[in-house]
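Working notes for the structure below.
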Amino acid sequence: MEGKPRVKVVLLDIEGTVCPISFVKDILFPYALAALPETLSTQWDSPSFLPYRSAFPPEHASTPDALLSHVRDLMAQDLKIPYLKSLQGYLWLRGYESGELKCPLFPDVYPALKKWRDNGAKICIYSSGSVAAQKLLWRYTTEGDLRSCIWNGLEGDDGRELEGGYWDTVNAGLKQHMASYEKIAKANSALGEVGEWLFLSDNIKEVRAAREAGMKSFVVVREGNAEVTAEEREGQVLVESFAEVEKWVEVTADKA
């Protein structure tokens, strides 16, 4: 492995990278839509639901019907609005806890995460899904509860928890913006320089943004993902499995 660049932090996309796009599009999204009417009927005024309802624009949160109509419209357009993503996470909770929902990881994901973690590298997540939804997904996978694989932050000298390993469009910004990756790396600068980060995603525009920020970044090619054109492939590293990552870099960190 001599001569390969070293990576201390691996930043992972979720949909189309660690699990099939179909799990999100064909299972999670329909589940949320199906669960929403009953939730609105039984929990509209409940303290637990109020924060999610209040996050919606007032004109769309005046009645259960107005909120339901707005959610259907947003999801039909596949818009990644933070208040929608937060609500979806809330709706998925019951499905995960009941066993109806379980994230089907690609078979190469868990072995790679375990190896990288055991080598001292830190693993972080960056997804358009809310941080709460990300934690649910990693808790309920086909490989069991894998939250221990994800870096969960440090404590400062005053005991205050510093920025951790889960990032979304609220605490980081939009995924196709260079500044979002700069923010993530800066917030976790204790883990390594930005050039020691590797971002893995199926989205070419996200990969380019991460590279512009100074990170290493590879395009993950999976069955069911959009085809990567010849033009898009130019200048990019493509991997079809996490097992291929270490053909290009050494994922490890100094150990005490």
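The first residue you see is number 1, and the count goes up from there.
Glycine is no exception: its Cβ is also placed from the backbone N, Cα and C atoms.
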Of the candidates K102, K114, K175, the one that Swiss-Prot places in the substrate site of S127, S128: K175
Cβ within 8 Å of the mean position of the Cβ atoms of D13, E15, D202: remaining residues of the chain near Mg(2+): I14, G16, T17, V18, I21, S127, S201, N203, E206, V220, N225
Residues flanking the substrate site, with Cβ no more than 8 Å from the Cβ centroid of S127, S128, K175 and excluding those residues themselves: D13, I14, E15, K80, Y126, G129, D168, T169, E206
Densest Cβ neighbourhood among S127, S128, D202 (binding-site residues), 10 Å radius: S127
Local Cβ density at K175 (substrate binding site) - other Cβ atoms counted within 10 Å: 22
